[in-house]
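First comes the structure, then the notes that go with it.
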Amino acid sequence: MPFNLLVLACLTYVAFLFAIAFAVERRAQAGAAGWLRSPWIYTLSLSIYCTAWTFYGAVGYAARSGLEFVTIYLGPTLMFIGWWWVLRKLVRIGRQQRVTSIADMISSRYGKSNLLGVIVTLICVVAATPYIALQLQSVTLSFGVFAAAGSYGWVMPDTASTGLWVASGLALFTILFGTRNLDANEQHTGIVIAIAVEAVVKLVALVAVGIFVVWFIADGPADIVTRINASPIADWELVPTRWAGLIALSATAVITLPRMFQVLVVENSDERNLATASWAFPLYLAAMSVFVVPIAVVGLQMLPAGANPDLFVLTVPLSVGQGGLAMLAFLGGFSSATSMVIVASIALATMVSNHIVMPVWLSLRPTREVTGDVRRLVLNARRFSIAGVLGLGYLYYSFSGGSASLASIGLISFVGVAQMMPAMLGGLFWRGATRVGAAAGLITGFVLWAYTLFLPSFGPDSVFSLSVLMDGPLGLSWLRPQALFGARGMDPLIHALFWSLVGNTTAFALGSLFSFPSPVERVQGLAFVNVFDTERSEPQAWDQGLIDTEELLKLAQRILGDEPALTFFQQATQEQGTDGYLPDPTPAFLEALERKLAGAVGAAAAHAMIAELAGRARVTVADLIRVADETAQIMENSSRLEHQRAELERTARQLREANEKLTQISIQKDAFLSQISHELRTPMTSIRAFSEILMEGDVPPEMAVTQARIIHEEAIRLTRLLDDLLDLSVLENGTVQLDLRLVSLTELIDRALRAAGQVRPDQTFVIWRDLPTEALFIRTDPDRLAQVFINLVSNARKYCDARQPEIRIAVKQRGARVIVDFIDNGSGIPKDKQHIIFEKFARLTDQTRAGGAGLGLAICREIMANLGGSITYLPAQGGAAFRVTLPLRLEKPKYSDAA
Amino acid sequence: MNRRGPVFLARRSYRMRRLRDGARLLPVAGTFLLLLPILWQPAATEARDTAFDGIYIFAVWAGLIIVAAILSRALGTGEEAEAPAGREDDEGLTP
């Protein structure tokens with residue numbers, strides 16, 4: 001097949017995946033994608049366990065070592081059918097703590113320690129390097145097969161530059177896919193779907209080749225059995241240590257590989273999916289494995305002796321002229337490699353940005369205040385990390401010369417990530433496990449792995465000289481990398497697995513036994529180990545008095561984005577039973593916020609940020625007491641009491657708030673009555689006085705004109721006041737007639753700005769607008785809406801006290817609703833006044849600065865209610881900010897029958 | 001944890017608990033069956049029966065999958081029956 005056709009096929013395939021991911025993400029945003037959460041999609045996404053190593057390497061492995069290849073799939077099978085032991089707990093904790101990666105999980109368990117996060121991240125990055133190199137090698141090799149088969153078309157470049165091209169293509173693809181948005185929960189729906197599609201492609205491809213081999217080349221299963229027993233594969237020797245060791249190793253790797261943890265725990269959208277995956281995923285693995293030996297046997301018989309068994313999946317169909325089948329197999333292998341690289345590099349990039357970049361950034365930041373847009377920083381950190389991870393993989397590939405067989409490279413990675421197992425399992429089941437123990441275990445295991453397996457894998461005389469490998473460093477033979485402490489007879493892989501895990505577990509246990517955990521660690525330990533008993537264990541009680549909710553909102557906006565943060569705060573306020581955007585900083589709210597932030601920047605960073613705002617980075621004696629078991633038990637018993645108390649408190653708070661509001665309104669009403677009588681009397685007095693003078697008759701004509709004008713002006717003022725009152729009562733009764741028309745929002749805002757320009761015309765205001773976003777046609781009552789806009793702009797002009805006043809008008813469309821924000825740069829409205837400004841007769845200052853009667857905003861609120869929308873005050877926007885929300889198309893007037 | 005509950009459970013809860021025990025035992029049984037070929041090794045040298053070994057492993061594999069499927073269907077997430085009979089536990093997914 002011509003090489004250029006092959007490249008074209010790959011590009012088309014990638015474009016197709018991209019289109020699917022894009023379409024699905026669109027639909028998920030519109031909320032129409034319930035099937036995305038189905039257990040089948042979940043199971044298929046788990047299949048990234050089967051990488052190009054499975055697709056090509058398993059056949060090669062079988063050709064070299066017989067049935068041993070199957071251990072790599074038996075381990076995960078045991079782990080999944082035993083989901084009741086570990087996986088169920090892991091997934092529950094992952095969801096409850098909003099874990100973003102395996103590093104986050106371990107750091108979170110051991111007191112949100114960032115040190116552990118860094119260690120785990122480093123282990124994962126180093127261990128993933130050979131694995132990514134393996135994918136590059138297999139794609140490059142498969143390109144080579146096709147390039148050799150066809151002699152026309154483009155000439156394939158040499159393998160090194162092909163590898164580079166593949167690596168850069170994958171990096172670009174992953175960055176486009178995985179870092180478009182910073183998801184609160186680190187879930188990537190589009191990618192999960194693309195992975196699921198690739199899972200189907202690779203299964204179909206491998207099964208198709210298998211069926212072809214069994215029923216078209218051989219004469220069915222019986223023939224295959226005789227061929228197997230006649231082939232060199234039948235001579236394989238089962239090595240007991242390797243058989244048992246590899247089953248245990250692969251069982252471990254299936255939960256500690258960063259990419260598996262990503263799809264298994266982080267992308268899990270429903271715990272019940274795990275029940276289905278517990279048998280469906282082993283079924284997938286069995287289906288992937290069942291044809292491996294037949295393909296290997298037939299390949300060994302048909303192809304010349306020197307043929308690379310890692311490529312039998314391609315070369316067997318090609319040798320009998322089945323180009324189409326080979327193409328399908330090629331796409332299956334391509335799928336396996338791309339899906340692994342995408343998920344692995346996303347998982348690693350998340351860890352690098354959350355555990356290395358963010359903490360560095362946090363510690364470099366000089367002031368308490370959060371400045372700049374954190375989201376951009378995080379996304380860029382992830383993009384660079386993805387490129388970095390793939391770059392490392394390419395370096396390993398070109399360093400190791402791409403010579404080793406696929407299976408041996410993959411197993412090096414497996415042993416590397418297995419070092420996380422003691423810290424993770426210990427954390428799940430042993431409350432005595434501590435941060436010191438976990439760090440000691442991880443470091444010991446990592447060093448032993450690097451010394452006995454990873455560094456020797458580069459071959460003699462590249463990292464270790466031949467003499468070090470043969471006689472040990474400095475001639476100390478008991479330190480030989482592949483025969484530690486005289487263990488000479490062991491297989492190198494099992495040797496490394498054995499010593500690294502023995503050292504790891506010992507250091508972990510001893511470190512835990514001889515250290516004392518910090519309070520946060522003990523609370524987190526309780527929350528993890530007893531996750532099914534103590535659903536509500538509260539890791540930390542923040543001191544409420546010290547926290548300014550407005551500061552929290554600012555922080556959350558920087559990290560989550562303006563809209564999601566406002567929505568989150570609004571929901572929290574509603575759950576507390578009040579209105580607005582600023583909830584009380586209750587422990588429950590703070591913890592929810594911390595978890596939400598943890599979803600974006602990781603547990604340790606989120607904890608540090610809130611700790612800083614709470615003015616407290618250490619835990620008090622009171623927390624220590626909370627940790628004690630007794631407390632936990634008492635809490636369990638009194639949970640119902642607690643619940644009732646919380647409800648009572650909520651009701652009491654609502655009552656208190658209502659009462660406060662009533663008192664304030666009553667005071668205001670009194671004030672208004674005296675004011676309105678004053679307002680009515682002043683014009684009345686002058687009208688009466690001047691009309692009496694006029695009645696006397698002997699006034700000079702020019703003076704009479706002046707006095708008549710005064711009478712006229714005062715009468716107009718009276719009329720305006722009465723009009724406002726009348727307007728308000730009409731609006732409140734809902735008897736208003738709406739004149740609905742289609743109108744351009746831009747024009748309405750123009751009109752409002754023109755009309756409001758007469759207020760304080762001496763002041764020059766800078767107006768910020770974004771015209772393209774305003775280009776909306778809305779169906780509403782234009783005059784009424786303009787009235788609201790004019791009122792808001794005039795208020796800003798009246799009360800904005802900045803030296804260089806500015807007004808920013810921002811328009812957003814959210815589905816069928818339009819949001820218009822008016823934000824000035826003055827000092828804003830004090831927090832205690834924010835909830836009375838929409839009441840009638842409310843005035844913030846006592847002086848009647850612009851002659852209003854305090855009815856403007858009350859009228860605005862009623863108008864918006866009549867237009868099917870609302871008007872609210874937005875706190876923490878750097879000035880007074882009002883948000884007008886209205887429907888894009890107001891269908892028919894609510895009160896049309898009145899009139 | 002000493003939970004205050006009845007000493008004996010209702011029939012349904014009892015069944016549920018034994019199902020969960022079963023789910024815990026399944027991987028143990030699977031491990032035993034899959035490690036069994038280690039013991040055959042000395043005998044396997046005289047006749048070539050690798051194909052038989054393979055068939056045995058895939059048969060065990062299929063058996064484990066079928067049992068796991070039946071168990072998972074019966075268990076769900078195990079949430080409903082988590083509490084001892086007669087007491088409502090507040091463990092649930094809803095906040």
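If you go along the chain as it appears here, the first residue is 1 and each next one adds 1.
In case you wondered, yes, glycine gets a Cβ from its N, Cα and C as well.
TrEMBL does not curate its annotations; it predicts them automatically.
Taken from TrEMBL, the feature coiled coil covers A:631-668. In the predicted model, the coiled coil (A:631-668) shows an average pLDDT of 77.
Taken from TrEMBL, the feature domain 'Histidine kinase' covers A:675-890.
Note on the transmembrane segment (A:6-24): residues 33, 36, 143, 146-147, 154, 169, 173, 176-177, 189-191, 193-194, 197-198, 327, 330-331, 334-335, 338 of its chain, located 6 or more positions outside it, place their CB under 8 angstroms from a CB of the stretch. Annotation comment: TrEMBL describes A:6-24 (among others) as transmembrane segment.
The annotation transmembrane segment is assigned in TrEMBL to A:40-63 (among others). Same-chain neighbours of the transmembrane segment (A:40-63): 69, 72-73, 76, 131, 134-135, 138-139, 141-142, 192-193, 195-196, 199-200, 202-203, 205-206, 233, 254, 257, 259-260, 263-264, 267-270, 273-274, 276-277, 280-281, 284-285, 288-289, 292-293, 295-296, 299-300, 308-314, 332-333, 336-337, 339-340, 343, 405-407, 409-410, counting only residues six or more beyond its ends whose CB sits under 8 Å from a CB of the stretch.
Sequence-distant neighbours of the transmembrane segment (A:69-87) (same chain, 6+ residues past either end, Cβ-Cβ under 8 Å): 49, 54, 58, 61-62, 242-243, 246-255, 264, 274-275, 277-279, 281-282, 285-286, 288-289, 292, 407, 410, 425, 428. The transmembrane segment annotation in TrEMBL covers A:69-87 (among others).
According to TrEMBL, the transmembrane segment annotation covers A:115-133 (among others).
Per TrEMBL, the feature transmembrane segment maps to A:162-179 (among others).
Same-chain neighbours of the transmembrane segment (A:191-218): 17-18, 20-21, 24, 36, 41, 44-45, 47-48, 50, 55, 177-178, 224, 227, 263, 267, 284, 287-288, 290-292, 294-295, 298, 302, 313, 316-317, 320, 322, 325, 328-329, 331-333, 335-336, 338-339, 342-343, 346, counting only residues six or more beyond its ends whose CB sits under 8 Å from a CB of the stretch. What TrEMBL lists as transmembrane segment is A:191-218 (among others).
According to TrEMBL, the feature transmembrane segment maps to A:239-261 (among others).
Only residues 6 or more beyond the boundaries of the transmembrane segment (A:281-300), in the same chain, are considered here, and those with a CB under 8 A from a CB of the stretch are 43-44, 46-47, 49-50, 54, 58-60, 62-63, 67, 69-70, 73, 76-77, 80-81, 199, 202-203, 206-207, 209-211, 213-214, 217-218, 224, 227-228, 231-233, 307, 309, 312-313, 315-316. What TrEMBL lists as transmembrane segment is A:281-300 (among others).
Per TrEMBL, the feature transmembrane segment maps to A:312-334 (among others).
Per TrEMBL, the feature transmembrane segment maps to A:340-362 (among others).
Only residues 6 or more beyond the boundaries of the transmembrane segment (A:405-429), in the same chain, are considered here, and those with a CB under 8 A from a CB of the stretch are 51-53, 56-58, 60-61, 64, 69, 72, 86, 89-90, 93, 102, 105-106, 109-110, 116, 120, 123-124, 126-131, 133-134, 137-138, 246, 249-250, 252-253, 255-258, 310, 437-438, 441-442, 445-446, 449, 453-454, 457, 493, 496-497, 500-501, 504-505, 508, 512, 525, 528-529. Residues or ranges marked as transmembrane segment by TrEMBL: A:405-429 (among others).
The feature transmembrane segment is assigned by TrEMBL to A:436-456 (among others).
Sequence-distant contacts of the transmembrane segment (A:162-179) (same chain, at least 6 residues past either end, Cβ-Cβ under 8 Å): 14, 18, 21, 136-137, 139-140, 143-144, 156, 188, 190-191, 194, 338, 341-342, 345-346, 349, 379, 382-383, 386-387, 390-391, 393-394, 397-398, 402. Between the transmembrane segment (A:436-456) and the transmembrane segment (A:239-261) there are fewer than 3 Cβ pairs closer than 8 Å, counting only residues 6 or more apart in sequence, so the two stretches are not in contact.
The list of residues near the transmembrane segment (A:312-334) in space but at least 6 beyond its ends in sequence, with Cβ under 8 angstroms from a Cβ of it, reads 1, 6, 9-10, 13, 52, 55-56, 59-60, 63, 138-139, 142, 145-146, 149, 201-206, 208-209, 212-213, 217, 295-296, 298-299, 302-303.
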